[in-house]
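Structure, as structure tokens:
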Amino acid sequence: MRIKIKDILISSKDVKFVGNIKNIERVVSFYSLDSREIKDDNINDSLYFAYKGNKVDGFSFVKYLIDLGVKCFACSREHESECIKYLNDNEGLVFLLTSNVIKLLQALASFLIEKTSFKRIAITGSNGKTTTKEMLYSILSKKYKTYKTWGNLNSDIGLPLSILRVEGNEEYAVFEVGVSYVGEMDLLSQILKPEIVIITNISYAHMQAFKELQAIAFEKSKIIGKNIEIFVVNEMNDYCVYLEKRAKIANPNVKIVYFDFENLSIKSFSFLDGKFSFDFVYKGFEYSILLLGRHNIFNAIGCINLALFLGMREKEIKEGLIETAFQKGRAEILTKNGYLILNDSYNGNMGSFMALKNMILDLNIQNKKFIVLGSFKELGELAYKTHKDLIQEAISMNFDKIFLIGEEFLDVRDSENLVEKCLYYFSEFDKFIDFFLKSLEPSVFIVIKGSRFNRLERILNIFR
């Protein structure tokens with residue numbers, strides 16, 4: 001969205017303008033915390049947030065960006081003297097000084113969202129957020145001008161950045177919302193103020209922070225605020241009734257839309273030359289998704305019911321589903337150098353692993369099967385049990401070789417004496433990859449699964 005510097009000053013009480021007063025009328029429309037995102041086509045319109053992270057201090061790139069041609073910066077007050085020095089050499093610069101760069105980003109997003117007229121849709125849940133977002137965006141785009149969160153900008157930093165990147169003239173905006181610590185959803189809900197909320201499911205994820213499922217359900221439910229008009233909920237989830245009550249407390253007139261599976265019939269699954277299609281009939285109309293996994297049909301039904309409620313026709317919905325562009329690393333089927341590869345390396349929790357198990361059963365692979373499992377993170381006290389369960393589930397799936405990467409798996413091996421001949425343990429990726437290369441056999445089916453932390457997509461490099 002386009003905004004004048006003078007309006008940014010209104011968005012927060014904790015911001016100080018440093019620059020020539022005439023530049024207060026300057027307009028910005030591209031917002032970034034990553035200097036690499038600033039290119040020739042957005043230099044003149046950029047506002048760079050010089051955020052100090054755990055590894056990199058964004059202020060260290062300010063001089064480089066000034067030389068590149070960027071004019072506007074949000075910086076910590078501790079850098080005021082340096083900013084003034086830069087300003088003495090270039091009076092066209094604007095510095096917005098604040099005690100907390102990220103809080104300024106969040107305040108600006110909250111301020112600007114109030115200026116928009118589009119319907120704000122929030123999608124959250126333990127699994128399926130990104131896939132559901134992509135499907136709903138593709139469907140709505142068949143009839144309405146629609147925006148979506150790009151990538152997985154869904155956190156206390158990513159969501160406000162995603163909000164700032166809308167054009168402002170959309171009819172619907174679909175935002176993915178994720179949490180990794182207690183209280184994060186309070187903040188995200190206050191920033192976004194969604195009118196339509198979809199909760200895909202409640203299952204084990206981020207257990208280090210939340211300890212138990214009830215705590216996850218409570219945290220996720222905080223996305224439901226007083227602005228809610230429509231609530232879409234999976235009626236198969238154990239917390240459906242609880243979430244529905246929360247929605248009705250927030251707004252007694254809220255419209256409830258269910259993931260209703262009574263009228264669902266899975267017609268066929270086809271897999272040919274690395275391409276697949278799930279065909280199903282729902283409420284008498286035939287749909288298809290080009291994505292592996294029956295659980296994705298369930299998420300598609302949530303999107304279908306919401307789209308129908310919003311006045312879309314079945315034909316439009318069908319076209320939107322079939323045209324959905326899905327992200328890499330999420331149930332992605334690849335054929336490389338004669339190998340069939342199922343790459344599900346982006347997300348690691350027990351719920352997504354069980355969904356993966358069903359995908360593999362649907363594929364009905366007759367060739368030899370290898371699986372590479374990277375350890376799952378943020379499990380807290382459940383880490384040991386989860387990794388033990390993972391090993392046992394993998395064994396039950398009759399893989400010919402199971403490659404396990406991470407100290408968590410080694411702990412289970414040593415305590416449980418799990419040393420079956422199909423199991424191969426490695427403390428880290430670098431110790432695994434050479435052994436894996438030597439283990440490959442022609443035409444083997446390879447499954448890759450792990451947390452984003454593991455960066456298991458690096459395996460794909462050996463097939464190029």
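Just so you know, glycine gets a Cβ as well, placed from its N, Cα and C.
If you look up Swiss-Prot, you'll see Gly125, Ser126, Asn127, Gly128, Lys129, Thr130, Thr131 marked as ATP binding site.
Everything Swiss-Prot records as a feature, shown here on the structure.
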residue: Gly125; record: ATP binding site; CB count, 10 Å: 26
residue: Ser126; record: ATP binding site; CB count, 10 Å: 25
residue: Asn127; record: ATP binding site; CB count, 10 Å: 22
residue: Gly128; record: ATP binding site; CB count, 10 Å: 27
residue: Lys129; record: ATP binding site; CB count, 10 Å: 25
residue: Thr130; record: ATP binding site; CB count, 10 Å: 22
residue: Thr131; record: ATP binding site; CB count, 10 Å: 25
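Excluding Gly125, Ser126, Asn127, Gly128, Lys129, Thr130, Thr131 themselves, the residues of that chain whose CB lies within 8 A of the CB mean position for the ATP site are, in sequence, Ile123, Thr132, Thr200, Asn201, Asn299.
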